[in-house]
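Here the structure comes first, spelled out in C-alpha cells, and everything after it is commentary.
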Amino acid sequence: MRNLSGGHVEEFVLVGFPTTPPLQLLLFVLFFAIYLLTLLENALIVFTIWLAPSLHRPMYFFLGHLSFLELWYINVTIPRLLAAFLTQDGRVSYVGCMTQLYFFIALACTECVLLAVMAYDRYLAICGPLLYPSLMPSSLATRLAAASWGSGFFSSMMKLLFISQLSYCGPNIINHFFCDISPLLNLTCSDKEQAELVDFLLALVMILLPLLAVVSSYTAIIAAILRIPTSRGRHKAFSTCAAHLAVVVIYYSSTLFTYARPRAMYTFNHNKIISVLYTIIVPFFNPAIYCLRNKEVKEAFRKTVMGRCHYPRDVQD
C-alpha cells in the first residue's frame, strides 16, 4: 500500500466509494453514463458556438468557455474514479496526485470566476439592453474570459506551492475519490498551519467574492424583471433566471461548504458526498440549463452541426 523513500510517500491510495461489488458496478454504470453524456453535451455546445456566426456574441462566447471548461473539469476526476471501480485499485503516484490537484483547483476556481462574469454579462444585457453592445464589446469579453482562466490557474499554483512543500511520511490513505486539498493536508507530517491559512483565504477570495458578484447581478436582474409590464414576459424571464440561479447556488454553496469553512478536513465523508455535486452533477446539468433550453442555440445546432452531418448525403442525392 505504501512505498516510502527517505520518509517520503511516493504514492497515495484513494478510498473512493467502498461498497459491495453489485453497488460498485451500479455506480460505475451511473457515473460512466453521466461522463459520456457530459462530454457529448459540452462538445456539441462548443462546436455549435464555434461554427454558428449567429452565436458569435459575448453571451455565447462565455457559454462556449464554460462548456470547454466542463470538458476538462470532468476529465480531471471521473476517469480515474471509473478505473478504480473496475480494477479495485485506488493507487496514484505522488506526482499524479499533485497534478490532479493542480488542475482540479485551477478549473474549479476558473469556473467560480467565469460564472460571476456570465452573471455580470446577463446583468448588462437585461438592465441596459440599448447600451449593451458598447458596455460589453468582444474585446472586453475576451479579456474577462482570459482573466477568469488566468486567476484560476494562478490561485491553483499558489496553493500547490504550499502543498508541495509539505512532507508526507505516512499513512497514505486518502478518504476521497480524487486528490483534494483537505485530505492531503490531514496526511502531512509537517507544520500545516500556513498552508491551511493560504488555502482558506484563497478559497474565500476565489469562491466568496465571485458569489457576491453573482448575487448582486441577479438581484439587479430580478428587480428589472419585476418591472416587465406583461405577466408572460415576467414568467419567461423568471423561469430562465431561476434555472441559472439554481445551478449557481448548488455550485457555490457546495464549494463554500467544502473549502471555505474552518476545519473542513475533519468531515471527509460529508465532503466526499458533497464533492459529487460540483464535480459530476453540475457539469452534467450546466449544458441543459444554460444552452440546450436556449432557442438560439438549438436553432444554430440544427443548422450547423446537424446540417453538416447531412450535407454529404444531400450532395450524393
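Backbone N, Cα and C atoms are what each Cβ position is placed from, and that goes for glycine too.
Counting every protein chain shown, the number of other Cβ atoms lying within 10 Å of the Cβ of Cys97 (disulfide bond) is 23. Sequence annotations record features per position, and here Swiss-Prot assigns disulfide bond to Cys97-Cys189 based on sequence analysis.
Here Swiss-Prot flags Asn3 (among others) as N-linked glycosylation site, drawing on sequence analysis.
Annotated N-linked glycosylation site per Swiss-Prot: Asn186 (among others), in sequence order, evidence recorded as sequence analysis. Within 10 Å of the Cβ of Asn186 (N-linked glycosylation site) there are 13 other Cβ atoms, across all protein chains.
Positions annotated as topological domain 'Extracellular' by Swiss-Prot, on the basis of sequence analysis: 1-25 (among others).
The topological domain 'Cytoplasmic' annotation in Swiss-Prot covers 47-54 (among others). Beyond its flanks by at least six residues, the topological domain 'Cytoplasmic' (47-54) meets 60-61, 63-64, 67, 296-297, 300-301, 303-305, 308 of its own chain at Cβ-Cβ distances under 8 Å.
Cβ atoms under 8 Å from those of the topological domain 'Extracellular' (76-99) belong to residues 8-16, 24-25, 27-28, 31-32, 34-35, 107, 160, 163-164, 168, 174, 177-179, 184, 279-280 of the same chain, restricted to positions at least 6 beyond its ends. Sequence annotations record features per position, and here Swiss-Prot assigns topological domain 'Extracellular' to 76-99 (among others) based on sequence analysis.
The topological domain 'Cytoplasmic' annotation in Swiss-Prot covers 121-139 (among others) and is backed by sequence analysis. The average per-residue pLDDT of the prediction over the topological domain 'Cytoplasmic' (121-139) is 89, rounded to a whole number.
Under the heading topological domain 'Extracellular', Swiss-Prot lists 161-197 (among others), citing sequence analysis as support.
Distant neighbours of the topological domain 'Cytoplasmic' (218-237): 119, 122-123, 126-127, 244-245, 248; these residues of the same chain sit at least 6 beyond its ends, with a Cβ under 8 Å from one of its Cβ atoms. Residues or ranges marked as topological domain 'Cytoplasmic' by Swiss-Prot: 218-237 (among others).
According to Swiss-Prot, the topological domain 'Extracellular' annotation covers 259-271 (among others), on the basis of sequence analysis.
Summarising the annotation, Swiss-Prot assigns topological domain 'Cytoplasmic' to 293-317 (among others).
Summarising the annotation, Swiss-Prot assigns transmembrane segment to 26-46 (among others) and lists sequence analysis as the type of evidence.
Positions annotated as transmembrane segment by Swiss-Prot: 55-75 (among others). Panel annotation: around the transmembrane segment (55-75), residues 35, 38-39, 41-43, 45-46, 48-49, 103-104, 107-108, 110-111, 114-115, 117-118, 121-122, 125, 136-138, 140-142, 144-145, 148-149, 279-280, 283, 286-287, 290-291, 296-297, 300 of the same chain, lying at least six beyond its termini, place a Cβ under 8 Å from a Cβ of the stretch.
What Swiss-Prot lists as transmembrane segment is 100-120 (among others), and the listing cites sequence analysis.
The transmembrane segment annotation in Swiss-Prot covers 140-160 (among others).
According to Swiss-Prot, the feature transmembrane segment maps to 198-217 (among others), an assignment based on sequence analysis.
Taking pairs at least six residues apart, the transmembrane segment (198-217) and the transmembrane segment (100-120) share three or more Cβ pairs below 8 Å and count as touching.
Residues of the same chain lying 6 or more positions beyond the ends of the transmembrane segment (272-292) and with a Cβ under 8 Å from any Cβ of it are 17, 31, 34, 37-38, 41-42, 44-45, 63, 66-67, 70, 73-74, 77-78, 104, 108, 175-178, 180, 243-244, 246-247, 250-251, 254-255, 257-258, 298. Away from its own ends, the transmembrane segment (140-160) comes close to residues 58, 61-62, 65, 98, 101-103, 105-114, 117, 121, 181, 198-199, 202, 205-206 of its chain (Cβ-Cβ under 8 Å, at least six residues beyond either end). Under 8 Å, Cβ to Cβ, and six or more positions away along its own chain, Cys189 (disulfide bond) finds Ser167, Tyr168, Cys169, Gly170.
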